[in-house]
Amino acid sequence: MLSGAGISAESGVPTFRDDKNGLWARFDPYELSSTQGWRDNPQRVWGWYLWRHYLVADVAPNAGHRAIAAWQDHAEVSVITQNVDDLHERAGSRPVHHLHGSLFEFRCARCAKPYTGELPAMAEPALEVQPPVCGCGGLIRPDIVWFGEQLPDEPWRRAVEATESADVVVVVGTSAIVYPAAGLAELALSRGAAVVEVNPEVTPLSASATLSIRETASQALPGLLQRLPALLN
């Protein structure tokens, strides 16, 4: 199972493209999600991610997340996600491999020590917020993969291993344009696995997928495990 922003959007987590919050609408995603953006204005980047952290904490997993967790009770299912929220975990999925990091993990930008201290309260979005400071003097940053950074080794290794051994790869809610994650479906197809795309929109994967289901995750995933054999035949 490879999930992307679409499944979280159903729970109320806006994507960069859909985020209409007035404070952030005028910024290019690169300014808020890159190593360069952090160097230029860490207060702005911290404010953006702190707001996202609290936004995600206030929403709930949807039927798509719950269906994936239920699949793990009946089949050997690996959950790989490009999302930085914890909705898969709150729905009951274990383990979940986060390719792009997590809004709920933090580390020092200088020494990389994990940060488990308190976070500033945020009742309303604020354009700039001062990040906490590590004991070494470095600023605390979200443990997110930004533009210009490599994917974390362990989640990526698990994702490749799961893809190489999979009979079926379900790709849900992803645009299929962000690499290297988008290459997992290509890897599965090259090894003879079936690739099932769940997305209400056509993507670059649609033409090569074994099966494309034009529904949202919450519409398609409940009951899909039982229907897959017939659909693929």
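The backbone N, Cα and C atoms fix where each Cβ goes, and this holds for glycine too.
Worth saying up front: this structure is predicted, and the values here are computed from it rather than measured.
Feature annotations, reproduced from Swiss-Prot:
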ACT_SITE  His100  active site, proton acceptor
BINDING   4-24, 82-85, 173-175, 199-201, Ala217  NAD(+) binding site
BINDING   Tyr49, Arg52  substrate binding site
BINDING   Cys108, Cys111, Cys134, Cys136  Zn(2+) binding site
DOMAIN    1-231  domain 'Deacetylase sirtuin-type'
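Sequence features, as recorded in Swiss-Prot, placed on the structure.
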residue: Gly4; record: NAD(+) binding site; contacts (Cβ under 8 Å, 6+ apart): Thr81, Gln82, Asn83, Val171, Val172, Gly173, Thr174, Ser175, Val178, Ala181
residue: Gly12; record: NAD(+) binding site; contacts (Cβ under 8 Å, 6+ apart): Leu55, Val59
residue: Trp24; record: NAD(+) binding site; contacts (Cβ under 8 Å, 6+ apart): Leu32, Trp48, Pro125
residue: Tyr49; record: substrate binding site; contacts (Cβ under 8 Å, 6+ apart): Leu32, Leu103, Pro142, Ile144
residue: Arg52; record: substrate binding site; contacts (Cβ under 8 Å, 6+ apart): Val84, Leu103
residue: Asp85; record: NAD(+) binding site; contacts (Cβ under 8 Å, 6+ apart): Ser8, Val13, Val56, Ser102, Leu103
residue: His100; record: active site, proton acceptor; contacts (Cβ under 8 Å, 6+ apart): Gln82, Asn83, Val84, Ile144, Val145, Leu151, Ala181
residue: Cys108; record: Zn(2+) binding site; contacts (Cβ under 8 Å, 6+ apart): Tyr115, Cys134, Cys136, Gly138, Leu139, Ile140, Arg141
residue: Cys111; record: Zn(2+) binding site; contacts (Cβ under 8 Å, 6+ apart): Cys134, Cys136, Gly138
Could you find out if DSSP has Cys111 (Zn(2+) binding site) as helix, strand or coil?
coil
Mind telling me which of the binding-site residues Cys134, Cys136 has the densest Cβ neighbourhood, counting other Cβ atoms within 10 Å?
Cys134
Which residues does Asn199 (NAD(+) binding site) neighbour through Cβ under 8 Å, counting only same-chain ones at least six apart?
Gly6, Val171, Val172, Gly173, Thr174, Ser206, Ser212, Ile213, Arg214
Translate the DSSP assignment of Ser8 (NAD(+) binding site) into the three-state scheme.
helix
What are the other residues, in sequence order, whose C-beta lies within 8 angstroms of the center of the C-beta atoms of Cys108, Cys111, Cys134, Cys136 at the Zn(2+) site?
Ala109, Arg110, Ala112, Lys113, Gly135, Gly137, Gly138
